[in-house]
Amino acid sequence: METKVRKKMYKKGKFWVVATITTAMLTGIGLSSVQADEANSTQVSSELAERSQVQENTTASSSAAENQDKTEVKETPSTNPAAATVENTDQTTKVITDNAAVESKASKTKDQAATVTKTSASTPEVGQTNEKAKATKEADITTPKNTIDEYGLTEQARKIATEAGINLSSLTQKQVEALNKVKLTSDAQTGHQMTYQEFDKIAQTLIAQDERYAIPYFNAKAIKNMKAATTRDAQTGQIADLDVWDSWPVQDAKTGEVINWNGYQLVVAMMGIPNTNDNHIYLLYNKYGDNNFDHWKNAGSIFGYNETPLTQEWSGSATVNEDGSLQLFYTKVDTSDKNSNNQRLATATVNLGFDDQDVRILSVENDKVLTPEGGDGYHYQSYQQWRSTFTGADNIAMRDPHVIEDENGDRYLVFEASTGTENYQGEDQIYNFTNYGGSSAYNVKSLFRFLDDQDMYNRASWANAAIGILKLKGDKKTPEVDQFYTPLLSSTMVSDELERPNVVKLGDKYYLFTASRLNHGSNNDAWNKANEVVGDNVVMLGYVSDQLTNGYKPLNNSGVVLTASVPADWRTATYSYYAVPVAGSSDTLLMTAYMTNRNEVAGKGKNSTWAPSFLIQVLPDGTTKVLAEMTQQGDWIWDESSRTTDTVGTLDTAYLPGENDGYIDWNVIGGYGLKPHTPGQYQPTVPSTPIHTDDIISFEVSFDGHLVIKPVKVNNDSAGRIDQSRNSGGSLNVAFNVYAGGNISVKPSQKSINNTKETKKAHHVSTEKKQKKGNSFFAALLALFSAFCVSIGFK
């Protein structure tokens, strides 16, 4: 058998770990020396089955973390939660007969299966052991014995296969057993279940570079490091040039608007020395309404200058107390347990001083952990639950608390989490068709794809990312957890990470947003294609509800709101999207992010920095679109002075010399076919003029001089419109309302581009570049158009 060597990366909490894997041996890197939230590692391959062997009685001491430099990988039991023995095969038609191990193991544990009972929200349910939980999972997926036909299918399985259009005689034994395990309904409470089909649609939208969702191009030459990020480091105490990434403004907890704090705007940011295990939070400030990126200043590390990698502070949110102090909500991370990331939601009161030039941190008090066990165990996975089955691949999350206050003055935290026993991770989730969301044909095809790919199967077994919500009680400076609720969003079987949630109220609706990397999902085909075509797989997802604590539905049908536009190692790559309300608007949001992935992936000295912000519009029908409005870097408050063209780019200007080489250094992807896109223009939600059905003359003109004109009957809502087709290959598609009169506004479309390395530079046709060539061409076009109107009787 040929030995193959490839580099793989996996994410442990917010830490990326690089490993070289062969068919027999893995060499790891100590977790204490790697960094959080490293995005150029987008190629994450689930090494669940390859990294280590799960013992039948796994304990809380993770030997995988302890011995990852010397672990011998054995091709025996999978490391998914139910210790499945499903073998990897290249074809679904291959007959597999070794499921006896699963059935035997399940039968042994059937009598020990534990019944999961709901616990009180204030009392973490950690009493149920993982052995019992595992036994329950295995019992749930045991193949039923009441097969009824010659193919070994149950009545339900036969119906599913028939609806899917499958030739029953072609089914393998493995596929028959899988179909017999399928559940069509689930009693588990999930909030909105992010389905496999939704994930698929999100990836396809990213690949298509739909301009409604594709992040605008930025001018790479205009991007600079943040001056305020050259500051005293929290760990070393020395002045250093720091990366700045996840950031959040001090906001009104009810409206979400950036607070004017004594004439200043305040922002809390994660910062650290590149290529160092240095993850702490700092307070940044600028005059309120000042759009100059260079005017931002640094008040320093919020928790002082004796910080260590053992105790870190990750993302959160902040608001202002009645006495003017800040109430900070953040993630306190303890890495002392074999370098694992024990994440807990925490809060602290930050007392500030100021004058007309500066803001100072005077003291920090009331620093307390709100969730000492991590999750409560029932709604959300606790640290102990995760630790007892962790073998080096499963992601744990209890982080990024976002504070929001309702009309009654009650405060809630929305946060990233992992599902608890209410809807736990496990192999049985693969056979739960409520997780798929498609037709029988789609669901069965996807199920069989899992059977074909051990990596995907394992990812699906572990995946249990969620967006959670809890209610606070008590004094606002020293709050306590009052109640945990069922997740607002769950993604069992689909994704293992949904980051940085925030909720914004627009009008009478609540909008939930979260950032994610698709490579933390189980659909390897989808995110690998995104990497191949675009070079990155980051997205922002959005959901809407009439209530804060439940009822969320995906925006744009799938949940997609923003998609990556450029490769992960370009200077203008972005992530960690955070939506900020625009004062006085009920349908626009300012989208903020950091730019340039951490640890100098875009080149030496090109640190992570704040990106230019841009607008999106939220429409009444539950759709959104990116608008052609952009700011300078680090603008958190949109007003008329925010608008600039300095940072606006095209695909030609979105990269620095040497970046557009068709290669991303994660060792698996080479080449990508980027597509141009143009953000939309702002449109009021209430039309200013009535919609009429008029005679429209449409015509297409190509640059080689061909003209095609034909009158058609369409619905038109303005004096004229220009349609740009991504597939037009340089043609103009113009529709003109004859009755309205006026001038024709003609804009060349974006030309299609070649996917090869030599020609994948943007063929972005700008008015400037084509103006000289276009003036005489468009004059001739107008003359032809006028003659045509007269010839058919229009005046």
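Heads up, residue numbers simply count up from 1 along the chain you see.
From the backbone N, Cα and C atoms, a Cβ is placed for every residue, glycine too.
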Per Swiss-Prot, W245, D246, S315, R399, D400, E497 bind sucrose; matching candidate in R232, R387, R411, R517: R517
According to Swiss-Prot, which candidate in N366, N464, N524 joins D394, Q425, D496 at the Ca(2+) site: N464
Secondary structure at S315 (sucrose binding site), reduced by DSSP to three states: strand
Separation of alpha carbons, N464 (Ca(2+) binding site) and R517 (sucrose binding site) (Å): 14
Those binding-site residues, out of D394, R399, Q425, N464, E497, that come within 10 angstroms of D246 (active site, nucleophile) at the Cα: none
Nonlocal residues around N464 (Ca(2+) binding site), in sequence order (Cβ under 8 Å, 6 or more apart): Q381, S418, T419, N423, Y424, Q425, Q429, S490, S491, T492, D496
Reduced DSSP assignment, E499 (active site, proton donor/acceptor): strand
Close binding-site residues near E499 (active site, proton donor/acceptor), where close means Cα within 10 Å, chosen from W245, D394, R399: R399
Cα separation, D394 (Ca(2+) binding site) to E497 (sucrose binding site) (Å, whole number): 10
For the binding-site residues D400, D496, the one whose C-beta sees the most other C-beta atoms within 10 angstroms: D400
Pairwise Cα distance maximum in Å, sucrose-binding residues per record: W245, D246, S315, R399, D400, E497, R517: 18
Whole-number Å value for how far D394 (Ca(2+) binding site) lies from W245 (sucrose binding site) (Cα to Cα): 24
